[in-house]
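Participant: Can you keep this structure in mind? I'll have questions shortly.
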Amino acid sequence: MIQIDFEKMGGLVPAIIQDYQTNEVLMVAFIDEKALKLTLETGKTWLFSRSRNKHWMKGEQSGNTQEVQEVYTDCDADALVIKVKQNGGAACHTGNRSCFYVRWEDGAWVEHSEPLFDPDEVYKK
């Protein structure tokens, strides 16, 4: 039986979050054993924040939740691909659909999308 190797990176594995219909990469984050268990049990994307040292459900503040459709691991069982239905349009905390909206072009990084929401309004502290 395949077991995810959480030991290789100190209890975490990278998780590539991808749109299940278009295969667009929405974000990359880290997941630990508890977050994976919550993801599989609830059908929502749960991640582990290294900066806040806590578990969080994607969309818990913005409302832009993700409904898990499929979960894959790689051949070494040390990385995940989580295919989701993205609710609310934006997966990125900047308000963009994807966290990968900046492209290298002619020697500079160039933004290639407009935010779908204002993060200052959504994440008021």
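The backbone N, Cα and C atoms fix where each Cβ goes, glycine too.
Per Swiss-Prot, the features are:
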BINDING   Asp74, Asp76, Asp78  Mg(2+) binding site
BINDING   Cys75, Cys92, Cys99  Zn(2+) binding site
Participant: Please work out the number of neighbouring Cβ atoms within 10 Å of the Cβ of Asp74 (Mg(2+) binding site), leaving out its own Cβ.
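Facilitator: Asp74 (Mg(2+) binding site): 13 neighbouring Cβ atoms within 10 Å.
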Participant: Any idea what the Cα distance is from Asp78 (Mg(2+) binding site) over to Cys92 (Zn(2+) binding site), rounded to a whole Å?
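Facilitator: Checking the Cα atoms of Asp78 (Mg(2+) binding site) and Cys92 (Zn(2+) binding site) gives a distance of 24 Å.
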Participant: Rounded to an integer, what is the Cα-Cα distance in Å between Asp74 (Mg(2+) binding site) and Cys99 (Zn(2+) binding site)?
Facilitator: 22
Participant: Which Cβ among the binding-site residues (Cys75, Cys92, Cys99) has the fewest C-beta neighbours inside 10 Å?
Facilitator: Cys75
Participant: On a simple 10 Å Cβ count over all chains shown, which one of the binding-site residues Asp76, Asp78 is most densely packed?
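Facilitator: The most densely surrounded of these binding-site residues is Asp78.
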Participant: Tell me the coarse DSSP state (helix, strand, coil) of Asp78 (Mg(2+) binding site).
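Facilitator: The residue in question, Asp78 (Mg(2+) binding site), is coil (DSSP, three-state).
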